[in-house]
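Copied over from Swiss-Prot, here are the features:
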type	residues	note
ACT_SITE	Asp173	active site, nucleophile
ACT_SITE	Tyr281	active site, proton donor
ACT_SITE	His337	active site, proton acceptor
TRANSMEM	22-42	transmembrane segment
Amino acid sequence: MPELVVTALLAPSRLSLKLLRAFMWSLVFSVALVAAAVYGCIALTHVLCRPRRGCCGRRRSASPACLSDPSLGEHGFLNLKSSGLRLHYVSAGRGNGPLMLFLHGFPENWFSWRYQLREFQSRFHVVAVDLRGYGPSDAPRDVDCYTIDLLLVDIKDVILGLGYSKCILVAHDWGALLAWHFSIYYPSLVERMVVVSGAPMSVYQDYSLHHISQFFRSHYMFLFQLPWLPEKLLSMSDFQILKTTLTHRKTGIPCLTPSELEAFLYNFSQPGGLTGPLNYYRNLFRNFPLEPQELTTPTLLLWGEKDTYLELGLVEAIGSRFVPGRLEAHILPGIGHWIPQSNPQEMHQYMWAFLQDLLD
């Protein structure tokens, strides 16, 4: 009898949760269809303006020389204990200090940390990984292989597999989302965090529900919920949408050279090269709604005032979840989303100051 009473009392809450999830998914796919129409028009325009490129992306047969620059470190592979997957990484400065682990975003790879690898290898063991699905790292095809839980276990296995019990975690964009959650579920493995242009998913969900303008900034996330179509649209006219994302005069990465652009496009141009990265997004809303969680890891947060994809209000929202005194946040005036590549000197100054006590 008590079980029946409890079930009856919980029924309204469960029904409300199901209705909320149904509403959320209907909203997600409605926006996804609108985004697909918009991006379809953009992709078609690129094809019409550049007919010689055709409707498909050109497969690159050789990687650009900048990916083999010895000044950035040595290339290696790590077999992960939990999944058996093999992840690619670039490492420099082993034996020079604590482990500094870099997590990249989309549409990037380990190479997005080239400035930081050079800057910090004198005092830290710097390691930039290609997350699962990216670059030469293993890329399972199944969408279910890219859940947040599995990605967090990958990070844990990288830290332990490199022979460390903790690290300084430096992350941008998608890597930032993973870093936030990693610090919650594996706090003993994170000594400090440096987070650039990225919010915890629970903060992002709550903020977006109250600020519809953030939904519009994140329109691409909804497009990526759809199967196969995003891969097709992003590859049309030789990956022109990705090229524009990375090189746009106002919203892209300033001074990105043709060779550096190819460093990002090379692996995306391989068969199935976009599916793994897009599967991250296809798992993004699975656990909606997320419960807010307290953040306790000492963290340096850097945010571009002109970030195209994320509103400034998210900085305050992130701060409200922190234990007092654990967050140091800086908004960089006139700077956009790609801080590690567009403004490395400013980023390095903040990082050295934030980490100085670990080096004394």
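Quick reminder: no glycine exception, Cβ is built from N, Cα and C everywhere.
Shown here: features listed in Swiss-Prot, placed on the structure.
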| residue | record | DSSP class |
| --- | --- | --- |
| Asp173 | active site, nucleophile | coil |
| Tyr281 | active site, proton donor | helix |
| His337 | active site, proton acceptor | coil |
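Taking Cβ-Cβ distances under 8 Å and a sequence separation of 6 or more, the neighbours of His337 (active site, proton acceptor) in its chain are Asp173, Ser197, Thr251, Gly304, Asp307, Thr308, Tyr309, Leu310. Taking the active-site residues Asp173, Tyr281 in turn and counting surrounding C-beta atoms within 10 angstroms, the largest count is reached at Asp173.
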